[in-house]
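According to TrEMBL:
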BINDING   10-38, Asp66, Lys195  NADP(+) binding site
BINDING   Ser143  substrate binding site
ACT_SITE  Tyr191  active site, proton acceptor
REGION    324-345  region 'Disordered'
Amino acid sequence: MDRTVVLITGCSSGIGLHLALRLASDPSRRFKVYATLRDLRAQGPLREAAQSRGCPPGSLEMLQLDVRDADSVAAARARVTEGRVDVLVCNAGRGLLGPLEVQEAGAVGSVLDVNVAGTVRTLQAFLPDMKRRRSGRVLVTGSMGGLMGAWNGEGPAGGVGPGDSARGYSGLRAPPKASSPLEGLPFNAVYCASKFAIEGLCESLAVLLPPFGVHVSLIECGPVRTAFQEKLEGGPGGALDGADAETRDLFSRYQRHLERIFHEAAQDPEEVTEVFLAALRSPRPALRYFSTERFLPLVRMRLTDPSGRSYVAAMHRAVFAEEPADESAADLGGPALGPPPAALQ
């Protein structure tokens, strides 16, 4: 039986590393995984984990792939010995945190180059063959920051589409945790801009590609216990000295909020890999799969008040209040909003 060939970008750590291991060690032995890294000198943790996991010989291969370089992407594609990729996982990403006005142009450009242009380059390299073969899956690591404004992380939960359970979670139930800094948080403007762009990119392709037998799914993630925060472009906060005193004070409050949310609610990468697996295995893939149910009520808030006033006010209170009034206000930015709208299911 032919194995399913999976190529994953951004596998030096975090979700990419754990997903590569999960698929390569799957008891069914149905996957051949190409785990790609920008710098192969960073492959040590993945190689050691694969050995300790007992990944079968030939189930995992590591390739150099820098999404910022079209030639590097093409070279990685040429090294896939099966001559095809059945499942492409666009996971490489970079964050940027701090006041927008002090971000250096190079840091802004780097984030957009990796998160947006890098995803485009990867899709351009692999989509034509999928369309020719009229078969393929594309999974893209999204973020609630691409839906609502700032959930800078990576991301179990299930999808929300036809054939899934009544609550739209493919038989999986997320634990009652929050996912990262809540949606709509400030100081993530460029990161969120990049993730909003990915939403539009994937929605456009999702409408176009089904006649070719190709399906695109976004895995909308919250905060995960990975090194993502440690790899922020320009470091956490950037050049804060260039910001005014009031903005620096607001950033300090934001950091306290962020630390609390990560301490209380961050997910393990292993949880997130099961969401990718659910999307990969679904006979009728949804466009979006979520890492947690917790913030879906905020989607409803945005839908029920298109002006955005309610959402902006609620999230400002949630992030900058020195002492949240209660847990629901702290986590959801206001009073209980009820279940997710039926349209999301």
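Cβ from N, Cα, C; glycine included.
Nobody curates TrEMBL annotations by hand; they come from automatic prediction.
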Cβ-Cβ distance under 8 Å to Arg38 (NADP(+) binding site), same chain, at least six residues away: Gly10, Ser12, Gln64, Leu65, Asp66, Val67, Ala92
Least Cβ-crowded entry, counting other Cβ within 10 Å, from the binding-site residues listed as His18, Arg22, Arg30: Arg30
Distance [Cα-Cα, Å, rounded] between Tyr191 (active site, proton acceptor) and Ser143 (substrate binding site): 10
Candidate with sparsest Cβ neighbourhood (10 Å radius) among Gly10, Gly14, Asp26, Ser143, Tyr191, the listed recorded positions: Asp26
Residues near Tyr34 (NADP(+) binding site) in space but at least six apart in sequence (CB under 8 A): Val5, Val6, Leu7, Ile8, Glu61, Met62, Leu63, Ala76, Arg79, Val80, Val85
Shortest C-alpha distance to Ser143 (substrate binding site) - which of the binding-site residues Gly14, His18, Asp26, Arg30: Gly14
